[in-house]
Amino acid sequence: MAQDNSPNKTITMNQRRRRTKFTEDQLKILIKAFHQNPYPGYATKQRLALEINTDESRIQIWFQNRRARHQCQKKSEPDEDLESSQDQDHSEEEIQSREDRRCRTSYTSSQLHTLIETFMNNPYPGIDTREQLAKEIGIPESRVQIWFQNQRSRFHVQRKRQPDDQDSEQRQDQEQDL
């Protein structure tokens, strides 16, 4: 079976999105913004997305990756700025970042029903499935992706707790038998 490597190839189920490749000009804009604030708010990411003509979700991922790389580089260097960073007051920055946050996404019961049904069939949907689902329920694909991440996390936490719950139920049953 021959593989089609054309740029217009559709993504099959469970495939990752192709890596976003930024031009040199786009990277200059992103790096400048990163140096000004490595934790930009939603409005800033939206503005950058418009400025460099890409999705806000791609900007968000770029900043996450850049922060991760930046922290790795800092860990390998000696802690020179520790004292000066402890002296700074960040309360104004914290308040500003809260104001810049994206509004919490509220889902209708029908949207949740569709999301849960899809999750039960496949907790790791590919980009094509997420985009189709987003279009179907009328929310951005990036929110669908986050919903699935959160749902998988909750699912794993519940699975870890279940053996404990069963043990406590068995103990209660044994106590009642006594």
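The count begins at 1 with the first shown residue.
Cβ atoms are placed via backbone N, Cα and C, with glycine included.
Remember, TrEMBL labels are computer predictions, not curated facts.
Per TrEMBL, the features are:
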- 1-14: compositional bias 'Polar residues' (COMPBIAS)
- 87-103: compositional bias 'Basic and acidic residues' (COMPBIAS)
- 161-178: compositional bias 'Basic and acidic residues' (COMPBIAS)
- 13-73: domain 'Homeobox' (DOMAIN)
- 98-158: domain 'Homeobox' (DOMAIN)
- 1-20: region 'Disordered' (REGION)
- 70-107: region 'Disordered' (REGION)
- 154-178: region 'Disordered' (REGION)
Checklist entry - Of the residues in the domain 'Homeobox' (13-73), how many are helix, strand and coil by DSSP? => result 42 helix, 0 strand, 19 coil
Item to check | Integer average pLDDT (0 to 100) for the domain 'Homeobox' (98-158) | outcome: 90
